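Here the structure comes first, spelled out in structure tokens, and everything after it is commentary.
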């Protein structure tokens, strides 16, 4: 069961990735984790990646694809894997196919921008413990204060409305074209593409995913 998760930041992919890993016993493959462990291990690819990153450049698709190939050849990926945050662009998706990396399911989490902005800009965090609140959906007992310590809650830079909107526009520009790309492959019978309504309650989304993938 080889799965790609698509969806804007804040669409709920992380929560559902956790559910899929626990339910189906497949690992989540994060390109960030792979880069860090390759650099730590001092492998050839790791050295190449480190040089590029030290120069403040973006790591090339070629290096990332090689890392993905190495990672999915490991024993824990025998029954499948979950890719989140990769591919981000059509050239990356093409490179995956050219390298024989097959995908069974592409799951897109569809949530309107305004709901994402509301979800993320309403988050408040207690820096000491990492406890997360939401001004509407999960408010603290006292506005702006942590329930347990009474200390101030903060808005993470990533959750500020301006930042959220910027990340959404990058997603629409770079990654959204992948939706069409995988829909086309799905029509050709080369993968299964499914759009999930990410505005539903978390449990409902998990239930839908479970039903879909157990078919």
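Every residue, even glycine, has its Cβ placed from backbone N, Cα and C.
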Same-site residue for ATP (record: Swiss-Prot; known: 10, 11, 12, 13, 14, 15, 132, 133, 200; options: 2, 123): 123
Among 88, 123, which are binding-site residues, the residue with the most C-beta atoms within 10 angstroms of its C-beta: 123
Proximal residue to residue 31 (AMP binding site) among binding-site residues 12, 14, 123, 133 (C-alpha distance): 14
Residue 59 (AMP binding site): secondary structure state under DSSP, collapsed to three categories: coil
Helix, strand and coil totals (DSSP H, G, I; E, B; other) for the region 'Disordered' (195-215): 13 helix, 3 strand, 5 coil
From binding-site residues 12, 14, 123, the one whose Cα lies nearest residue 86 (AMP binding site): 14
Using Cα positions only, nearest of the binding-site residues to residue 123 (ATP binding site) (57, 59, 88, 156): 156
